[in-house]
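Taken straight from Swiss-Prot:
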BINDING   His69, His109, Glu145  Zn(2+) 1 binding site
BINDING   Glu145, Asp179, His216, Glu261  Zn(2+) 2 binding site
BINDING   His182, Asp229, His231  Zn(2+) 3 binding site
Amino acid sequence: MRYIGAHVSAAGGVSNAPINAAKIGANAFALFTKNQRQWSAKELSEGEIEQFKANLKASGISADHVLPHASYLINLGHPEKEARAKSLEAFIDEIERASKLGLKLLNFHPGSHLKQISQNECLDNIARCINEALKRTSGVKLVIENTAAQGSNLGFDFAQLAYLIERVDDESRVGVCIDTCHAFAAGYDLRSKEAYAKTMGEFDAVIGYKFLSGMHLNDAKFGLGSKKDRHESLGKGELGLGAFENIINDDKIGEIPLILETIDESIWEDEIKILRNLEKEKL
């Protein structure tokens, strides 16, 4: 059984997200617990928290398979101390929001050096922020998303993600989310069985499948190594359905949330069915 869903809307309140996920036949989902493009947000009310938990239970979706996404504004690698501190506080708030909702994961983009400091200095900033966030929170696993090598964003190669994990004090509370579009844009091929085996063999050697805590299943508008973060609907981009067939049938991938962030939400229900149909029956 694969746990497949999409990054659904939480418009009108986070409690609507499980309802929106159930409507498209999902048994996993992602959401923003606040406006992802604003620094401040109202605290979640007790009523909203209880309604979210009730709706999640009614949907039949486990909290294990919900992958909330942190704000895009957060940059834990920021070269400036004050800006980095602001990002850290916002990050901790995101973790606490996930925890209040009874969720166990928080997906985030690692950070950007803004062409002002070296890659290693930026990665060290990110690692220090992760450790501080872990120290000040509990229960929620922090899931680092790979990036597309666009601009000055780090986390685009597996070695950078491993560098962060190696510097985290509590490895039990850190994981990785592979975004297929980002991986492809950064030069990791997933299309053929051979290419997939090579890419995931490298992932396992450098990071380890045990850290794989979620995936974003997105086709890519541009070709291999484009360094462009442009998602496409499944089978309509440069990755093609073969890549997703490889993922769905990879026995080394555990019971993790597999989340669509494809560009046409009106066909998410169909895309979930496509992914389920790609799963080969085990003898």
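Just so you know, glycine gets a Cβ as well, placed from its N, Cα and C.
Sequence features, as recorded in Swiss-Prot, placed on the structure.
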residue	record	Cβ within 10 Å
His69	Zn(2+) 1 binding site	25
His109	Zn(2+) 1 binding site	24
Glu145	Zn(2+) 1 binding site	21
Asp179	Zn(2+) 2 binding site	25
His182	Zn(2+) 3 binding site	27
His216	Zn(2+) 2 binding site	26
Asp229	Zn(2+) 3 binding site	21
His231	Zn(2+) 3 binding site	22
Glu261	Zn(2+) 2 binding site	17
How many whole Å apart are the CA atoms of Asp179 (Zn(2+) 2 binding site) and Glu145 (Zn(2+) 1 binding site)?
-> 7
Which state, by DSSP, holds Asp229 (Zn(2+) 3 binding site): helix, strand or coil?
-> coil
Tell me, by DSSP, whether His109 (Zn(2+) 1 binding site) is helix, strand or coil?
-> coil
Neighbours of His216 (Zn(2+) 2 binding site) among the binding-site residues His69, His109, Glu145, His182, Asp229 (Cα to Cα, within 10 Å) = Glu145, His182
Among the binding-site residues listed as His69, His109, Glu145, Glu261, within 10 angstroms of His231 (Zn(2+) 3 binding site) by C-alpha we get Glu261
